[in-house]
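Listed in Swiss-Prot for this protein:
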{"type": "ACT_SITE", "residues": "His23", "note": "active site, proton acceptor"}
{"type": "BINDING", "residues": "Tyr18, Phe69, Asn71, Asn117", "note": "tRNA binding site"}
{"type": "SITE", "residues": "Asn13", "note": "site 'Discriminates between blocked and unblocked aminoacyl-tRNA'"}
{"type": "SITE", "residues": "Asp96", "note": "site 'Stabilizes the basic form of H active site to accept a proton'"}
Amino acid sequence: MSEDTALVVGLGNPGPQYEKTRHNVGFMVAGVLSARMGGKFSAHKKSGAEIVQGRLEGRPTILAKPRSFMNLSGSAVAGLARFFSVDPGNIVVIHDELDLDFGTIRLKQGGGEGGHNGLRSISQSLGTKDYLRTRVGIGRPPGRMDPASYVLKPFSSVERKELDLVCEESADAVELVLRLGLEAAQNRLH
């Protein structure tokens, strides 16, 4: 990818009651990336997000966590993109993915939102679906459990044992796409 500024957004819900839920895996990966950047999140009042500014893979990067609930995260993402003059093609959104087994990581650009209301909000606010996504698999709910309830539950004890590694590998995938671009990163990862 180019030296243009990248906007990397981890999706999640604010508040301690959501901190360890499946829906917040994007926030968890953003935490790993902020440590790698050597920065701490601070409020960016004009966008309604917390950000870290620095470099990832030598590239200028704005790392963000919207402070709104996930379903309303689009306004923060669009606000940051405008404020920092970041084109949608240089935005990477990290999110939970029901349609991937727990721990599976996939990169893609554009496409549908797959029922993910955070992605829908971002697509509507940006006016395009053409941004990069780092999809972190959380698996399907067991039995007849409602997916909306499932994503707001904490990871299982078995999953928690693997969660740190999954977050590290997801952060690696973000760095890979920033360094190599989507196609080369997909070839390495998938």
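Each Cβ is built from the backbone N, Cα and C atoms, and glycine gets one as well.
Annotated features taken from Swiss-Prot, shown on the structure.
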residue: Asn13; record: site 'Discriminates between blocked and unblocked aminoacyl-tRNA'; Cβ neighbours (10 Å): 22
residue: Tyr18; record: tRNA binding site; Cβ neighbours (10 Å): 18
residue: His23; record: active site, proton acceptor; Cβ neighbours (10 Å): 22
residue: Phe69; record: tRNA binding site; Cβ neighbours (10 Å): 16
residue: Asn71; record: tRNA binding site; Cβ neighbours (10 Å): 12
residue: Asp96; record: site 'Stabilizes the basic form of H active site to accept a proton'; Cβ neighbours (10 Å): 24
residue: Asn117; record: tRNA binding site; Cβ neighbours (10 Å): 15
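Put simply, of the recorded positions Asn13, His23, Asp96, the one whose Cα is nearest the Cα of Phe69 (tRNA binding site) is Asn13. Under the DSSP three-state reduction, Asp96 (site 'Stabilizes the basic form of H active site to accept a proton') is assigned to strand. Of all the recorded positions in the record (Asn13, His23, Asp96), the one with the smallest CA separation from Asn71 (tRNA binding site) is Asn13.
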